[in-house]
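S.K.: Encoded as structure tokens, here's the structure I'll be asking about.
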């Protein structure tokens with residue numbers, strides 16, 4: 001009896017390959033799919049190098065990113081794996097979050113050791129909150145000298161420690177190319193790599209386990225019943241008759257009770273992350289709430305006006321600005337469902353930011369927004385998206 005393709009029963013983990021150009025990220029990805037397809041044919045299919053390397057273009061908030069998605073399973077887990085072939089694609093993906101990672105495989109060629117992009121990728125992974133990194137030391141078939149490998153390992157551990165990653169993380173010696181060719185020793189190295197992923201990348205916290213949060217998209221008045229707010233539940237779950245807080249955009253929060261939950265015209269007892277639903281609010285007038293606010297579990301989230309963010313600025317070709325911007329630039333920041341104007345402060349020594357750059361900036365919003373680290377936003381001028389970023393630090 002053939003097993004079903006996608007089993008919900010296994011933990012689902014998002015993973016990706018990162019590292020310097022030509023160190024073998026895509027070859028490693030291809031090798032993982034081949035070796036697992038051979039080991040567990042009923043669970044996996046192999047993806048050829050060319051299929052992964054010719055990454056399809058994706059549009060994420062108007063930004064073009066070349067990125068490949070493959071999936072595979074070990075006995076323990078179901079993995080969704082992203083591979084961004086180009087350095088620029090990797091940076092755009094990390095900042096815009098086209099693919100969120102629960103853990104990353106840092107691919108380093110034993111022949112070169114850590115290179116500038118290796119460092120940059122690890123730094124960026126830290127900034128955007130990738131929780132765990134382990135290492136695939138690739139091309140080990142080309143290095144005979146054990147001492148060289150030891151030196152490279154020391155360098156990698158220093159690099160991980162610099163960015164507060166686990167310096168005791170597994171470093172697995174592999175040859176992705178030899179594994180693709182079917183060499184027994186190196187095929188085993190890929191099995192070891194996946195075992196290390198299973199053992200060392202922590203199970204991600206599921207969105208449903210976090211406190212309730214639903215951004216308001218629309219507001220209706222139902223005569224005789226009250227006000228209904230609709231949106232997609234981003235986190236957590238909520239039962240009828242629980243209290244909620246409505247925060248953001250306005251100075252003061254509103255506290256109320258949810259007296260009804262509706263989805264697809266049916267009344268529900270409860271709703272959870274991923275559902276599109278309407279919440280009937282007790283004693284709330286239509287003018288008390290607005291789009292852009294969020295409905296949350298009381299006390300679980302706070303609105304903020306000042307933050308630091310990591311931002312990718314769209315190039316002219318991507319429909320972005322044609323000219324640079326400077327300190328005190330005042331665009332709109334689009335969070336979840338609404339735009340809020342903000343003032344940009346550039347880092348010390350940065351005179352201006354050119355289209356196509358990535359930059360860290362601090363922002364002061366004119367209205368508070370419920371946020372925590374990792375929240376994504378778009379930067380807009382009117383209806384045109386000119387940048388994308390994520391919150392790296394809350395200031396106030």
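Cβ coordinates are placed from backbone N, Cα and C, and glycine is handled just like the others.
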S.K.: Of 57-61, 62-66, 67-71, 72-76, which span is tagged region 'G2' by Swiss-Prot?
M.R.: 62-66
S.K.: Can you give me the same-chain residues 6 or more apart in sequence from residue 84 (GTP binding site) with a CB-CB distance under 8 Å?
M.R.: 16, 55, 65, 66, 67, 68, 90, 92, 93
S.K.: Looking only at Cβ atoms, how many others are within 10 Å of the one on residue 22 (GTP binding site)?
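M.R.: Summing over all protein chains shown, residue 22 (GTP binding site) has 12 other Cβ atoms within 10 Å.
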S.K.: Just jot down the residues in the same chain as residue 19 (GTP binding site), at least 6 apart in sequence, with C-beta under 8 A of its C-beta; none if empty.
M.R.: 25, 106, 107, 108, 117, 118, 121
S.K.: Can you tell me which recorded stretch out of 19-26, 83-86, 138-141 has the most Cβ pairs within less than 8 Å of the region 'G2' (62-66)?
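M.R.: Selected stretch: 83-86, with the most Cβ pairs under 8 Å.
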S.K.: Looking only at 25, 87, the binding-site residues on record, which one has the least crowded Cβ, with the fewest other Cβ atoms within 10 Å?
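M.R.: Among the binding-site residues 25, 87, the sparsest Cβ neighbourhood within 10 Å belongs to 87.
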